[in-house]
Every structure is written in C-alpha cells, then in structure tokens.
Amino acid sequence: MTGLNRRRRLAAVAVIALAAVTGSACSSSTDGPSDGGAYLVWDPYPQFADDSEWVALLKKCGTSAGVTVERTGYDTTDLTNKALLAAQQGNSPDVLIVDNPVISTLAEAGALTTTDDNKLDVSAMEKNLLGAGQSDGKTYGVPIGANTLALYYNKDLLTAAGVDPATVTDWTSLTAALTKVKAKGKKGITFSAIGTEEGSFQFLPWFWGSGAQLTSLDSPQAVSALTLWTDWLKQGHAPNSVINNTQTTSWQEFATGDYAFAENGTWQLANAEKLPFAYGTIPVPASAGGPAPAPTGGEFVSIPVQKNTGRYQTSQQLVACLTNADNLLTTDTTLSYVAPVAAVQERQATADPKLKVWVEAVRAAKGRTGDNLGTKYPKISESLWTAVQAALSGGKSPQEALTAAQTAASTR
Amino acid sequence: MRATTETSTAVRDQGGAASTAPPGPPPSRARRPNRWWAWGFLAPVTIYLAAFYAYPLYRNVELSLREYTVRSFVQGGAPFAGLDNYRTVLTDPAFWPTLTHTVVFTAASLAFQFTIGMALALFFHQHFPLSRTLRALILVPWLLPLIVSASTWSWLLNSDSGLVNAALGVVGIDPVNWLTSPGWSLTSVVIANVWIGIPFNLVVLYSGLQAIPAEMYEASALDGATGWQRFWGITFPLLRPVSAITLLLGLIYTLKVFDIIWIMTRGGPTGSSATLATWSYRLGFGNLLPEFGPGAAIGNLLIVLALIAGLVYIRIERRQQLR
C-alpha cells in the first residue's frame, strides 16, 4: 500500500514538474518578439488552406515586398473581437482584412491608420463601395471585393407556373408572380430574417427600395417594406422558417427546388452552378420599379496602427499588391465577388456574362455604415432586425414594431 | 466518466453521505517534510488558479464597473462608472423577461432532466439483458459536441421541413412554429436542453443507486413493502445527498447554457428565448459595436446567482450533517 502511494506521489511530482517546464517553455516562445522580416496578415477566409490561390497571392506579394507573410484565417464573426483585443494588447497584425461594417467600429476604436498615414491610393475604387470605409472625411481601408444581394430564381419552376422573370420589376409584379407559383402548389420565396446582422442585411434592399432611410425607421415607406414581408408570411408566399434562416439555410431551402425565388448573394454563384435545375438572377426590385439599392457586402483591407510606424511602408506595399488590378481579378474570382474597380468589373463581366447582373447590382448598392452613420449603424441595425422579427413572428404589427425600433435606436 | 466513478466510490466510502472531500489523510510519516517543499507543491496550483480564475474574474468585475466604449477598450482610460452598467442592465425593458426566461429555462430543464434521469436510473438498476448496451446508448447525447446536437434539434424543429412537424402532420396536428414563434421558442430550447442533460443525471443517480445496500431492499421486501414504498422509504432518502449534488451541478450548468439557445434561436424571436447568458453574449460579441460593460455586468450577475445556489447547497448539507 505504501509502495503504491509513494509511486503515485512520485508520478504526481513528475507531472507537476513537467507542467511547470512546458508552461514556462510555452510562455518564453510566445513572449519573444516576432522577427522583423515576418508580416502578419489576418483575413476572414478560413475556407482557404495554405495551398489555395489566395494564400499563394499573399506569399507572392510578401516576396515582392521583400518580407515573409504569416497569414491567419479567422471566422468572420470572431475576427472583430480578435482585432479589438489585439489592438488593446498592442499586437495588431500588419494587414487586416475585415467585413466592411466592422471598419467603422475599428476606426472608432482608433485601431486603424487612415490613408493619410499609410499613403494608400484609393482613387481607383468605386465611391459607393469606398463609403463603408470612410467617416468624417477620412478613409480607413481599401475594398478588396464586393458582393451584394439579388434574387435567384428557379427557371424551371417559373416556366411551369407561367411567370416570365423579366416582368418582375416591382413589388406588385413580384407578389403577383408569387401568387401564381403558390397556385401551382410550390413555394414562393425564401430569405433570411434571423435576429443578427444577417437579417438586417437581407431586409435592407426592401427597406431602401421603399424609399425609407436608416435615420427614420418608422417612416410610412419603412412600414410598407416590413408589411410586404409580413404579408408574404401570412399568405404563405414565404415559409415561416425565414425567421430563423441564415443566408446559408435559406440557400439550402432554395436548393431543394421547391422555391421560386431566393434572396441571396454573389458568393452563392459557385453553388448555383451545382443546382439540379436551371436558375437565373434578377435585381431585388424597388417598390415603384427598377433595381433597389442593396447593401454592399465584402471585405476591406486595412492597416492597423502599429507602435513601430516604420512598418507601414512595407504594409502599404503589401496592400497595394493585393489590390492592383490583376490581383483583384484573381482574388475576386476565387471569392466570387465583384471587383471594386470599374475597369476590373468590365473584365469580369466580359469573362463571365452571368456576372453582369451582379456588377450592376454592386454599382447600385449602398454601404450600410455610409451616409456618415458610422458607429451609429450597429444600434440602428439591431433595432431594425428586432422589428423585423417581431412583425414576422406576429408579436407586433409592422407599424408598432418599427415605432419601437425607432425609439430604441434613437435613445440608446 | 472518471468523475462519476469517483463520486460513486466517495459515496460508498462514506456510507451514503455525499461529500467531495477525499478519503482521510494518510498516516503521518516519521520524517517531516521540509516546509519549503510544501510551498513548492502549492505554488503551481496557486499560480494556475490566480492566472486562470482570479485574474479573469477580477477583470470581468473591473469591466463591469467602468464605462467602456470601443475606443477606451483599445486606448485605455475608461472612466469609473460605479454601478452604472448594472443600473443600465436592471432598468433595461429586456431585463425582467430575460430573467424570467432564465428561471423558467433552468427550473424546467432541471425538473425534467432529474425526473427522467431518476426514472431511467431506476430502470437500468434492474440489470436486465442488454441493460448495459442501452445505458451506453443513452449516453450518446453527452458525447456529441453541443453544436451537433443543437443543429440537429433545429433541423428537427424546423417549421416547414422539420421531422417533428412532419410527424405531427401524420397524426393530424397542425404544424407548430417551434423555433419561430415567441410562444414556443423557449419550450423548444428547454426540450433540447433536457435531452442533452438526461445522461448526466442518469449516470450520477445510477452510481448513487449502486451505493444503497441490497440488504435494505431485502429487509423491506420481507416486511412486505410495495415498489412505491421502497422508492419513497429507502431509495429517495438514501439518494438525497447524491440528488442534491446532481441538482446543484445541473443548476450551474443550466444557468450558463448558451450554445444550444444561440444555435437554435439566437435567443429570439424578439428575445422570447433569451436568457442572461445569451443576452450577455449578444451585448459583448453579438453586435458590430460591442458593449462590454453591460455584458460583463450580466456575466457577474450570473456568477452571483450560481454562488447563491452553492451557498444554499452548503447550508442544507451542513444542516443534514448536524442532524
């Protein structure tokens, strides 16, 4: 018994000693300063492995700037907090690629350099895309590519229901098309109205398409947009599951072939080619006709503030390399995004005529944090998606929901 | 699994009185160990506790007492705000509904997990053929990653294409908007959480049952006690200590349940299934513009709730030992 006890104790000592040794070993390796030749790049594309074209491009840009690039891909929702924490601890990456509405938050935190500091040339970029990265006349990053929303439709299903997609140009004709589809026993439209930023992103084309402004959530136009969605749910044109749908689950619903329309983004183009039925795309129609302004999605490349300001010059070379015309074409083709530069957009549309709709949609699109809303946008957006959820789930009427939203957005 | 076997031996050693204290100290050795050695052994665990428990807790309290904006979070210099963040949270119109959801979610989850776990433990205590295999199967929910269980549940409960509504349709019941109607969302997440919590209750209660001497049952059978009488007269009272610790651990787990609710409903629609844990996450991380102060304040309120439960447990324990 004592023998066993002693052996056990010895083992415990060994384990503790080992833990202490490995613990200190770990800390010493992380404490050491990163060597000057390595430049850190963070991006929200964890789907790209080290052997992908994207990483190859990063390495190539590093080599031409005479440095090695160390790249980490984060989940996009995770990256905002990672970037804020890194800024707090003073170990931000040299180049940070983030979702565009995050730029205003990081700029507010003082974590990003402006184009005045980092000498980036943003003159070629489309103004409506650049808007998301600007506040108070300063520019905090360069768009690397843009995506936006449009309506995908199921060609086979619409033909069977006797609907010509070209006639769908405003809300009335769209609802009429949905009614015809429903009469055929199929389902009308699916979208994502989840209680997160994604839900606001999907509602915005309808919101803006009604003529409403984000500064006044309870305007009659805004109420008309929310009424459109609510009525679709009531009349069975849209499934109840939209309240919980992410854009991915909404796409999965469309892919079953039971739905005539789906509101989704450029990034689904590759998946669309795999659909078992013929598909097409039309812009999200505005209330009175014509394409509605959809919100711009897509990422910005930014240069976070560093203690050692000497690093900016190389970072600037890296970013310039990533956003030059040829590389933008490569990157945006891999990401299935629309380029932020008119000339490259033309090249994309020539190479793939299907992208034409998307190029037009991106040109008509608006930044969410634009109009100098900046960091006011997140609060407005949260109130907006809450209102959408309240109306769609039947908790409140569209008018009540939006009145509450306007109160919440303006008081908090 | 390790934890449960340890609990069961502890229970057996103490003759039914549950205690987390290890068996008595070994007999003192002739040669007294050097005092410095003792400190040396204590150091790793102290450093570990300080670095990974005390400091984060201190930071969280500090976060909740200052008025942080994203700017002051990064640049420093957030002004001391006293209890402002707590006041913001307590006067928020969402506070009372969210607290009610938390209480309902916790109470309902515990009640069902415990009752079903107890029933299954008694069932498997019978040692029938295949009982081991079936018991192992019931543990599956415990072994699955939460993201898998929660995603599966949200598919099952989908309004339009979910299996549950399809099954209800076969019986002739109208589909229920499990996750998308304010009236059902809380029930849905409770159902999923109960399913996930049953194995834990089963395992702990089952090991508690094995500690009850078989002679007791034999004696009561000779006296002509019925099944119910045996349960209420022997099993339940002798299981009380194990039950108490099961419920306490369950309470602490359930209070902080976040993943299941977030994956299934995001706390919605319109906050109808939000608990303090999901609210805290939404404030701190679920928005483009984080509100760290109020988020941390809710986190601290949760810790206080768990602490109160722990103190109540210790009190009850002590009173039982005095008796």
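Every residue gets a Cβ built from N, Cα and C, even glycine.
If you check TrEMBL, you get these features:
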COMPBIAS  B:1-11  compositional bias 'Polar residues'
DOMAIN    B:99-313  domain 'ABC transmembrane type-1'
REGION    B:1-29  region 'Disordered'
TRANSMEM  B:36-55  transmembrane segment
TRANSMEM  B:103-124  transmembrane segment
TRANSMEM  B:136-156  transmembrane segment
TRANSMEM  B:184-206  transmembrane segment
TRANSMEM  B:238-264  transmembrane segment
TRANSMEM  B:292-314  transmembrane segment
Do the transmembrane segment (B:184-206) and the transmembrane segment (B:292-314) share at least 3 Cβ pairs under 8 Å, sequence separation 6 or more?
no
Between the transmembrane segment (B:238-264) and the stretches B:36-55, B:103-124, B:136-156, B:292-314, work out which stretch tops the count of Cβ pairs under 8 Å.
B:103-124
Which residues, given as numbers and ranges, are at least 6 beyond the ends of the transmembrane segment (B:103-124) yet have a Cβ under 8 Å from it?
131, 134-135, 138, 186, 189-190, 193-194, 197-202, 204-206, 208-209, 231, 235, 243, 246-247, 250-251, 254-255, 257, 261, 275
